[in-house]
Amino acid sequence: MNCFSCFYFHEKKKVPRDSDNSYRRNGEVTGRDNNKTHPENPKTVNEQNKNNDEDKEVTNNIAAQTFSFRELATATKNFRQECLIGEGGFGRVYKGKLEKTGMIVAVKQLDRNGLQGNKEFIVEVLMLSLLHHKHLVNLIGYCADGDQRLLVYEYMSRGSLEDHLLDLTPDQIPLDWDTRIRIALGAAMGLEYLHDKANPPVIYRDLKAANILLDGEFNAKLSDFGLAKLGPVGDKQHVSSRVMGTYGYCAPEYQRTGQLTTKSDVYSFGVVLLELITGRRVIDTTRPKDEQNLVTWAQPVFKEPSRFPELADPSLEGVFPEKALNQAVAVAAMCLQEEATVRPLMSDVVTALGFLGTAPDGSISVPHYDDPPQPSDETSVEDSVAAEERERAVAEAMEWGVASRAHSRNPSAS
């Protein structure tokens, strides 16, 4: 059954933009017109009021818990600075405690003139109300009082992956190899659920380190669904969309054409996996010019497997299984293929990563998957060869994982 069929959206007037392309640089969308309203422009105010009424009609049909603005102001001590735990182009995030239940939550207060508008607000509430998975952040509820727009999430005590990988303070301990693979696997499983289990499929469209939240045990959950879109259904191969996302993470074909597929998310995942392997930001202007773009810098290394260890984050200090690192780099390279059709499915990625953890307790588990669909007669020779190469790499990763775990159980056998 289509889980989105019970919601009806009014067609809204599209607001003209200065540019057809929008990106987030350093976590923020660029190229967008904030379209601030002014009292001296009654038409704009009337249109905003009309949109607010339409938004209320949609949100009234959503089953998520509703909060009053007063309740959330109380929970966050009137949005005090001491409760602030994050901010960006969309607004601010506060840590709060719900008075009625005592639950600790994260409250995202959207900037009314910011980068996440009413449409993105509704998309996020809708998506997270209908999609439930252990690797998606849990939406507790929302507030749509007047022109206030707030989202209430479960509180993730470790913050974001960005906090622990790319914004380390001098006293922070770098993530070890197993934790990095655990985080990568969690994010991959979240994407796999969106692509393969949701009906219709959902394209996340904004995967990045800042949107991967971590609980106390460093389990990863995807957050911020304001840019998510329903994927193609039936005979359609893609959906067309105005280019949105974060600079450096967008798939090249989506950037060029605006044509969006689940393989666009696979590319973004490849970027995040490469960040986990290297400890580098995808775009870092503080580095030498030829190293500022992470993917461009890594591409020559992808062609020489003997050089894969060069990509390892120096903060790991060599403490990682070299073959597991090589397989992780191979997975990242496949995800970052220029041609979208030869990138792996997220189910392939989940399988491969599930065998690259080295924890003795086997805490990184791999769920059961159905057999992948067989290629049609119309599949090109190039696609078939690429699929075989992908399957071979996944098989090698699985073989390595089995051997590694067997060795950890019986080291004297080697």
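Note that Cβ sites are derived from N, Cα and C of the backbone, with glycine treated the same way.
Swiss-Prot lists C3 with the feature S-palmitoyl cysteine.
Summarising the annotation, Swiss-Prot assigns region 'Disordered' to 17-55 (among others).
What Swiss-Prot records for I85, G86, E87, G88, G89, F90, G91, R92, V93, K108 is ATP binding site, and it gives sequence analysis as the kind of evidence. Under DSSP, G91 (ATP binding site) is assigned to a strand (E or B) in the three-state scheme.
The C-beta environment of Y153 (phosphotyrosine), restricted to residues of the same chain at least 6 apart in sequence and closer than 8 Å, consists of V105, A106, V107, K108, V137, N138, L139, I140, S223. The annotation phosphotyrosine is assigned in Swiss-Prot to Y153 (among others) on the grounds of similarity to another entry.
Annotated phosphoserine per Swiss-Prot: S240, in sequence order, evidence recorded as similarity to another entry.
The annotation phosphotyrosine is assigned in Swiss-Prot to Y254 (among others). If you take the C-beta of Y254 (phosphotyrosine) and look for same-chain residues 6 or more apart in sequence within under 8 angstroms, you find V243, G245, L260, S264.
Annotation source Swiss-Prot lists region 'Disordered' at 364-394 (among others).
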Original post:
Which residues does I85 (ATP binding site) neighbour through Cβ under 8 Å, counting only same-chain ones at least six apart?
Top reply: V93, Y94, K95, A106, G159
Original post:
In sequence order, which residues at least six apart in the same chain have a CB under 8 Å from the CB of E87 (ATP binding site)?
Top reply: V93
